[in-house]
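Trainee: Quick one: structure below, then a few questions.
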Amino acid sequence: MDAAQLKIEAARVALTHVSDGMKLGIGTGSTAEAFVRLLAERVAGGLSVIGVPTSERTAALCRELGVPLSTLEETPELDLTIDGADEIDPELSLIKGGGGALLREKIVAAASERMIVIADRSKVVDVLGKFPLPIEVNRFGLRATEIAIRVGAAELGLSGPLTLRMTGDQPFVTDNGHFILDASFGRIPDTRALSNVLHAIPGVVEHGLFIGLASAAVIASDGGAEIIHAVVR
Ligand SMILES: O=C(CO)[C@H](O)[C@H](O)COP(=O)(O)O
């Protein structure tokens with residue numbers, strides 16, 4: 001199977017966990033898009049669900065394909081979120097935000113009873129950090145925030161380039177109007193410690209470490225799809 005087929009396979013298996021009447025968080029990215037396309041087919045066939053999208057991009061696709069949408073304001077408690085990831089470790093901690101939607105993705109996942117991550121096997125790692133960690137930051141005080149991140153990371157023995165994400169010659173702006181710094185720290189042995197350090201910096205809005213949020217992961221490979229369950233949650 002090629003990469004696109006693996007994404008569809010992971011999405012197909014995740015869809016078997018969706019049932020009539022569910023309130024769904026709907027992720028962002030190419031794997032989540034594969035899920036939306038399959039979900040739309042089921043909706044056309046009579047499945048009744050309501051979706052809360054994690055980005056404007058996902059919202060537009062859902063509207064185009066006829067998946068009924070709500071907002072987190074209208075529907076603040078969700079049954080299940082299905083989303084992709086950039087990296088997944090054995091405890092189902094994740095790096096997310098490659099598509100820039102990490103803040104809404106984390107809020108939606110936290111508002112959901114369960115989160116199922118869908119990915120191909122290339123996303124599974126022993127230790128998170130090969131994929132640069134996206135950090136959503138307020139535009140105000142960007143340089144000061146960058147310095148505070150460097151200092152905090154160094155206290156944990158982490159260092160590496162912090163790159164302002166760009167779209168062409170302009171900084172990439174998230175759906176929430178913020179910038180993203182991609183932190184190439186390499187392996188992150190203590191994800192909780194880094195999460196705490198980043199959350200203590202006022203200019204940091206959110207980061208892409210998702211710890212204790214995923215209940216299960218559907219990992220697709222040529223051998224088929226494997227479901228990994230989290231120990232907690
Ligand atoms: O976190 C995300 C978007 O913010 C995506 O889930 C992540 O980047 C994976 O994307 P893809 O399925 O395209 O590999």
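Keep in mind that glycine also has a Cβ here, set from the backbone N, Cα and C atoms.
Note that this is a predicted model, so its numbers are computed, not measured.
Annotation comment: TrEMBL describes GLU105 as active site, proton acceptor. Taken from TrEMBL, the feature substrate binding site covers THR28, GLY29, SER30, THR31, ASP83, GLY84, ALA85, ASP86, LYS96, GLY97, GLY98, GLY99, LYS123.
Looking at the shown structure, can you explain where the listed features end up?
Mentor: Within its own chain, GLU105 (active site, proton acceptor) has GLY27, THR28, THR54, SER55, ASP83, LYS96, GLY97, PHE210 as residues 6 or more apart in sequence whose C-beta sits under 8 angstroms from its own.
Of all Cβ atoms in the shown protein chains, 21 besides its own fall within 10 Å of the Cβ of LYS123 (substrate binding site).
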Trainee: Taking ASP83, GLY98 as the binding-site residues to compare, which has the smallest set of other Cβ atoms within 10 Å?
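Mentor: Ranked by other Cβ atoms within 10 Å, the binding-site residues ASP83, GLY98 bottom out at GLY98.
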Trainee: Looking only at THR28, GLY29, SER30, THR31, ASP83, GLY84, ALA85, ASP86, LYS96, GLY97, GLY98, GLY99, LYS123, the residues listed as binding substrate, what is the longest Cα to Cα distance in Å?
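Mentor: Site span for substrate, by Cα atoms: 16 Å.
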